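Asker: Dropping a structure here in structure tokens format, bear with me for questions.
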């Protein structure tokens with residue numbers, strides 16, 4: 001299963017030129033600054049804009065092929081589209097809004113039913129309300145449920161959290177994670193938030209000025225030093241681990257790194273043993289030492305190997321890429337510290353991780 005998107009679309013001051021081969025499963029994030037082409041790409045896939053030259057194929061369905069002069073209109077494309085703000089019918093109840101999406105699909109073709117959509121998004125208690133009596137986060141969950149009830153082969157989400165405050169975002173993120181875990185519907189997710197991408201996406205496409213700078217698994221791509229992602233204050237890595245222990249006395253969760261016996265400890269509520277989850281480590285929260293120090297308040301000290309380095313976003317710092325038993329790690333340190341430690345590729349030393357963010 002795969003998604004092929006080849007687009008060339010020119011405006012007076014902007015050109016979109018993409019050739020992407022994307023996974024046909026999971027969540028793919030289109031990530032980049034404002035004006036990079038994220039939403040234009042999504043609109044072309046939806047058929048809301050027509051690329052002058054291009055081909056769009058979702059698994060075995062071709063929606064556009066300019067060489068064959070084929071263009072499937074938007075209403076005939078099996079997709080769901082979630083905008084920044086949910087466009088709900090104000091005069092209809094939540095249930096009637098959802099039924100509007102459901103009625104578009106013949107019963108024999110429905111892959112998501114009303115009960116499943118309302119349970120996944122936690123909206124069963126809202127069915128008799130009207131949109132004007134809902135919070136922003138609730139309206140967005142209704143919009144997502146309505147898109148799912150069209151039983152799409154592809155779900156497009158255009159910055160669905162952008163219009164929400166931080167509290168509403170934190171409320172809706174767990175529901176988006178459930179969609180990822182429980183539905184076999186590929187998602188293209190537009191965002192300029194690296195935290196959202198790190199938490200939700202499996203694959204990332206980094207866009208800039210209408211072109212793809214990189215495309216690959218989230219963990220690998222965020223750790224690349226040759227991309228602009230590495231230069232900002234948000235530079236860091238996303239690692240997948242499994243819960244191996246919980247200490248109820250100190251309320252510490254122990255996470256085992258993939259393919260090794262190394263562990264990370266983090267203050268967190270208890271989670272089921274064996275549960276897979278992601279965590280993020282910012283480069284600014286990693287320091288380096290030539291030897292381990294047990295007499296330290298820093299819980300997480302790991303043996304690492306230096307891979308390479310690049311200048312950081314200011315002249316005083318460098319960004320060092322490290323290997324931790326096969327998993328990447330970044331450290332942002334001063335050039336003075338680099339020289340004091342005589343850092344070089346292949347060198348073995350200790351990383352001291354001052355903070356870990358569990359993405360769940």
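Just so you know, glycine gets a Cβ as well, placed from its N, Cα and C.
According to Swiss-Prot, the protein has these features:
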DOMAIN    5-234  domain 'ABC transporter'
BINDING   32, 33, 34, 35, 36, 37, 38, 39  ATP binding site
DOMAIN    295-360  domain 'Mop'
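Thinking about packing and proximity, how do these listed features fit into the structure?
Answerer: In the three-state DSSP assignment, the secondary structure recorded for residue 35 (ATP binding site) is coil.
DSSP assignment over the domain 'Mop' (295-360) gives 7 helix, 36 strand, 23 coil.
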Asker: For 34, 36, 39, listed as binding-site residues, tell me which one has the smallest number of other Cβ atoms within 10 Å.
Answerer: 34
Asker: Taking the centroid of the Cβ atoms of 32, 33, 34, 35, 36, 37, 38, 39 as the ATP site, which other residues of that chain lie with their Cβ within 8 Å of it, listed in sequence order?
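Answerer: Other same-chain residues near the ATP site: 192, 207, 208.
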Asker: Please work out which residue of 33, 38 has the most C-beta neighbours within 10 angstroms of its C-beta, and give that one of the binding-site residues.
Answerer: 38
